[in-house]
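These come from TrEMBL:
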- B:LYS69: active site, charge relay system (ACT_SITE)
- B:SER144: active site, charge relay system (ACT_SITE)
- B:SER168: active site, acyl-ester intermediate (ACT_SITE)
- B:20-438: domain 'Amidase' (DOMAIN)
Amino acid sequence: MKYKTIIGLETHVELATESKMFCGCSGNYFGQSPNSQVCPVCLGLPGALPVPNEQAIKWTVLIGLALNCQINLSSYFERKHYFYPDLPKGYQISQYAKPLCQNGYLMVNNRKIRINRVHLEEDTGKLLHGQQFNDKGSYIDFNRSGVPLVEIVTEPDVESAPQAAKYLKQLQLIIQYLNVSDCDMEKGSMRCEPNISVVNYNSWQKNQQLPDYKVEVKNINSFRFVQQAIAFEEERQALLLDKNQQPKQETRRYLESKRQTEAMRSKEFAQDYRYFPEPDIPPLELNPTLIQKLNKQLQTIDLPTQRLEKLMKDYGLSSETALVLTENKKLGDNYLRLVKNSQDLDKTKLANLLINKKIAADLNPDDFFTQAKHLLSKKNIDQATFDQTIEKVIIDNPKAVADYRQGKQTALQFLLGQCLRTLGRQIEVEQLKHLLVEKLALKK
Amino acid sequence: MTTINRLRQSYRTKKRHPAELISGLFKQIKKLNPQLNAYLTLNEELALKQANELKNFDLPLAGIPIAIKDNFCTKDLRTTASAKLLDDFVPPYDATVIKKLKDNGAIIIGKTNMDAWAHGSSTETSDYGPTTNPYDLNRLPGGSSGGSAAAVASGLPPFALGSETAGSIRQPAAWCGVVGLKPTYGRVSRYGLIAMGSSLDCPGPLTRHVEDAALLLGLLAGYDKYDATSTKEPVDNYLKALKAKRKFTLGISDDYFEGVDSKIINEFMKAKRILEKLGHNFKKIKLINPKYSISLYTILQRAEVSSNLCRYDGVRFGKPRSSFSQQAKRRMMLGAFTLSVGYYDAYYLKAQKIRTLIINNFKEAFKQVDLIVAPTTPVTALKLGESETNPMFGEVMDQLIEASSIAGLPGINLPIGLQQGLPVGLQIFGPHLSETEIIDLAKQYEDETAFYQIKPSDFYEI
């Protein structure tokens, strides 16, 4: 291997709190008409002041605890300054020097991915460009401005695109299981920016020193695109290194149409955010008893690993089936809800019905099991159909018939399978086998 | 002696009606404002309507006219902070203090002139021209609450709301010869006050009588859920404090007389003798020299200003950023510099550390004395144009006030006499939440001296 890939992942998660991070406006903006959930605070009007959302702080700590972080009992918000039309105050209230959570980790395929920080900040408004309205202008919707955002940053411990995807999937599941966010990349409640550096493998093996360049990639909105972006960067940076050129430290934009990253307009110097402690919000002093309480709360929540175990142990599901139900939380929730009333229905069969979407997952138990019984009931097939099917199979498969007569039992299984294919599997197999054998005997 | 309570009494006994009072007031304001330039926006139509329709005379401020400094957001009434950038800004909401005034029946007369964005101690940096001093129209009223101070000094009306970051209530109160009260930081909500120095700004009343300041403070003070820096400490009974007549140990520091005009020191000494006669004793204390607060305050304030002005991007309201005046631009540049990478530690962080030293210095001092007294300003009202001679004009004018402001302490200015026809002020300041002591002492001084009898020649008896 000539090159090694070093990846750090920065993830933003929108918390599903009732109200925004610093004001009482509703935090649930998806699908609402533009600028209908705003107030002087989240619009950044003169004189407006931020008041922190306690629930958001608690949920951030919960995420930090689930990621094995240390919690900073003394923490504070800071102002991060930059100008952009969707940032009404000209600064974002965020955290810098003293984030709520630090130094955690997540195990991904037995590899420890260290978490540098989990901190809390506010989201910006949304810029919409006019093409959607047959218009050349750009519009800003501030419904999203001020929604609580948790930022989770890893150390550069991720080594490959698949590993990055695995980390993100695990992180997403944990956060969904904590019930603090729907953590959905398509809805924008989860966003990811990978930072990628490709280095010479041998020199990395020698001294493990991080290079002085890393490429940040923005504009990614699915796990698949994360992998594609990383793959592209691996190639692009390797090509540069092949030519003895050092990749430039920069921010690039991912283009899904081309499956490539492209350079964004370069800045001459790094952005100076002029961080300083937010004077409008007194420092947070978290009570140790609060942390204890949140830890206790965490124990009562089934995280993905615990659900997986439960599905296998308590319900006897195979690891593959249990994994599918774990990785789709809603599906798993429905399974657990329904399995209590399943009576004589086989637990694995129930899982398969849900996984294969044979019946709507969100039905109440009575309706669900009525439909299930119907679907799984043995089909009443009349004798004529049986006879016709068997005759046809015998005629269509002379070789198999010949093999059977020579004593090959596997040929019988084959013929049986052919019959089942036509008749559908929901029939009494033994009965069919009996008939088949009879017919074959007659045909001698 | 026109106080809020006397006015209310005259309303209740039907001797007077607010409609008549307020229409007379507007007439006089319109006559004098061209030369005073105290008001930027008048609220005549609505004010007269409210005065005419007033039914509930029991509200504490029923029918009482009040002038509002133009950095408080008043719903549907133009608010500019004396900056052209906000020339056409009409807030969609009321500041908390405005809501409290309205809920208590007050009638807003209009918005008063100030230094643009509150950046100054002269009102000369207003984008709408300076306000003049009612005692001498060739002189400045001080700032940044210059318009409010000039209005109160002229009786147009004798009640106003101002704000102070470091000196902006007390210094113009001193130059215009009125009572100016700056509460403890966090005592009064800042929600709706256009932010200048977030860790320093305080709304406060300007009046002719101590009892009016006490009454207004009692109505404005209190925890506000929209202001995370407002204190949850219960509001004291300031009206009761007016009658307490306690005897205090008053601290006096030599450093607070350095650089002060000898005529002002003379007036101060006269006031000192009066206070001694009233039974208060003076004790010499050693405070950190106020001159050190100048650079400290400059850094902290400029840094916060540079940040607080970032929201004026012309996207959602107001004019583009190019509308900022020279003064505003200078402050933003300097402030941004002190927060920038490589300089933050040496400037802003260090300033915050020294701030703690000053806070502790006062804490120690207040173990020995109840309150501290000093002259409010080093000089009396300067001539128009003089503020432009020095880029640090404001800070120099406020040097006797900056330290206590940095520490968030409450304080008051009392007019103690005239020197060559110009008002001289004495300041009393105390530990956090000592407004009752300050009001007590101030009232005793007022009762003894009747300083409210000193008026400018164009004074209007409401």
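Note that Cβ sites are derived from N, Cα and C of the backbone, with glycine treated the same way.
Note: TrEMBL annotation is automatic and uncurated.
Where TrEMBL records a feature, it is marked here on the structure.
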residue  : record                               : DSSP (3 states)
B:LYS69  : active site, charge relay system     : strand
B:SER144 : active site, charge relay system     : coil
B:SER168 : active site, acyl-ester intermediate : coil
Chain-internal residues, separated by at least six, CB under 8 A from B:SER144 (active site, charge relay system): B:LYS69, B:MET114, B:ASP115, B:ALA118, B:HIS119, B:GLY120, B:SER121, B:THR123, B:SER163, B:THR165, B:SER168, B:PRO172
Cβ-Cβ neighbours of the residue listed as 'active site, acyl-ester intermediate' (radius 10 Å): 38
Other CB atoms, at most 10 A from the CB of B:LYS69 (active site, charge relay system): 31
